[in-house]
Ligand SMILES: [Zn+2]
């Protein structure tokens, strides 16, 4: 099986041809016009990127297969240009054992649309008290390296300290959902604390509830000499703490802090809550424009390392409640590249090689994935994404491959669109 | 008037005066021996209460009945989420039985707003979480306006609203309605019970805030005390009820600081001895019972304007 991608602009550079065989890139450069392959893709005007890697996806299987399955989520991932996704552990039952991790990993292999890497829970049952079997999950075939209680914060500093220490044995990383539950109670706190939450009478989620945990965790990472990853950073204050922490970590060299931002926190603002539409209910909540500006700048200058979707599918009935009772979360996989393109590329904050860095190379490095986020070079696995930088379209939530429809981008015009996705040379999405 | 009454934002100052004028007529009906008007004969109104409130529910029930509507009370306690049925399914089911209007109380802010988007009948918000309680604000404004001298009399008057502003839908609706009627509102609370972002909000909407009741009272033309929920004590919003009363209670001593005859309001139920002293609650200038009777008149007026069809003003 061979594949020829003709005239693609690799990371936005001058057009070239890419020849793929046996799942790997065999040749790059100007190939003769009649060069033959089993499949030839005309990529004139398209940008070729390394397959995207999502550090933060909720696939809902096991437990809520009506909202998403590993297979439907992987299909949505492929449609979004992703070749690898990390599936969060807050399923039912929780992914807190080697067996649970392996079963998610196998479901991903069966679907064959994207590599699905389970994230292991940090604590048993996400209860925040006892460490889960972190090392057994790591030794399993799933090879878990990223651990998170996402949905919950590892809020007890003693437990967080032990987790950070423990994963040092096998180079693991703790991805923290930073939410001090006494400042922003789980389940109830649902609106950025500010003038609007005051007016709407919605339980407030102050930015400081995130910032105090980020500040604490970087100190714990420094103390333990370990690696902490800040999931879905959402405030300007968090960016300030990260900037300081990264400078320290670089000086010390013995520990590391990384961070991700979601597409929705890069574009949507808290005023969307004025109509009490639960589509826009997400955790952490949408923030004001000042925070959005700070997050964009931090992604551009590397203070924030990666874009991660926090794709959170929900069945219709779980969103059709009063705002405070509705489920948290929004879809994200299929439009992520378009949002980053619209927000970061169109504005000149990032070029396409920057996009490849924040959506593929760096996330793969953070998660310790060896076959993803590789340079587009001869001998490398052909995990590739073709995007049309000029395509402008209006999002239609009914065209989604996800089983859910809680799409915050519905009816919104975006620029830049995934055209096709290849996993080890096999087309997983596109014409 | 708009199709629904979800928030004071739905009514202009002129429409509020229209509602007051109709309420004044309705108020007279209450003094008659036969308290019935035929205006809503053959119409069905559902009082759908997801949260207990005997006084608001009975006020709406009496209002509907005096207008000859068929009034059905449904209590849907406990969030629909906990019963596994979505709020949308609950209200669609309940109103599918041929209902002409829905009066709804819910513990969640915005619930009435969301429900109105799913239905094609008028919805009256009878209190949604810590968001709004528009008929309470209208009855408060109506009571104050009558007391201070009729239409236009609120213009330039200084009204103090005192207490747990953060958790008060009565405050949120009243600050809008009183401001629309030309009054200047000063909201008084300890910093821990001021809503988030209140400084910007006050600037934008033209009201004042203060932490110091003793500075505000001598200037006030009327004072509205808000109920303090006992459970706020454990929330760490203030140290003890004694300290709250000393700082923010309408005590006997503070009564003397009020201007002669300045009306005292309270939406009830009162915590006598906490936010309001018995002397203040029972003072000659207390309008607390007038508020209750005005409540029926205002709700009659609102139901009439939303549901009486062609005859409506
Ligand atoms: Zn999270």
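Using N, Cα and C of the backbone, Cβ positions are placed for all residues, glycine too.
Under the DSSP three-state reduction, residue A:310 (active site) is assigned to coil, being neither helix nor strand. Under 8 Å, Cβ to Cβ, and six or more positions away along its own chain, residue A:310 (active site) finds A:56, A:57, A:58, A:231, A:232, A:262, A:264, A:282, A:329, A:330, A:332. The active site annotation in TrEMBL covers A:310.
DSSP assigns residue A:56 (Zn(2+) 1 binding site) to a strand segment in the three-state reduction. Summarising the annotation, TrEMBL assigns Zn(2+) 1 binding site to A:56, A:58, A:150, A:310.
Sequence-distant neighbours of residue A:283 (substrate binding site) (same chain, six or more apart, CB under 8 Å from its CB) are A:151, A:179, A:190, A:205, A:328, A:329, listed in sequence order. Among the features that TrEMBL reports, substrate binding site is placed at A:58, A:59, A:60, A:90, A:283, A:314, A:328, A:329.
Neighbour count (other Cβ atoms within 10 Å of the Cβ, all protein chains): 26 for residue A:177 (Zn(2+) 2 binding site). Under DSSP, residue A:177 (Zn(2+) 2 binding site) is assigned to coil, being neither helix nor strand in the three-state scheme. Annotation comment: TrEMBL describes A:150, A:177, A:232 as Zn(2+) 2 binding site.
Residues or ranges marked as domain 'Dihydroorotase catalytic' in TrEMBL: A:46-235.
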Within 10 A of the CB of residue A:150 (Zn(2+) 1 binding site), the number of other CB atoms across every chain shown is 24
Cα-Cα, residue A:90 (substrate binding site) versus residue A:150 (Zn(2+) 1 binding site), nearest Å, comes out at 7
Distance filter, Cβ under 6 Å of ligand 1; input binding-site residues A:56, A:58, A:59, A:60, A:328, A:329; output none
Listed binding-site residues A:59, A:60, A:150; those within 10 A of residue A:177 (Zn(2+) 2 binding site), CA to CA, turn out to be A:150
Close in space but at least six residues away in sequence, with Cβ under 8 Å from that of residue A:314 (substrate binding site), the same-chain residues are A:67, A:327, A:329, A:404, A:406
Expressed in Å to no decimal places, the gap between the Cα atoms of residue A:60 (substrate binding site) and residue A:150 (Zn(2+) 1 binding site) is 13
Same chain, |i - j| six or more, Cβ under 8 Å of residue A:59 (substrate binding site); the result in sequence order is A:68, A:69, A:70, A:73, A:74, A:85, A:87, A:88, A:91, A:104, A:116
Taking every residue in the domain 'Dihydroorotase catalytic' (A:46-235), the average pLDDT works out to 98
In all the protein chains shown, the tally of other Cβ atoms within 10 Å of the Cβ of residue A:328 (substrate binding site) is 19
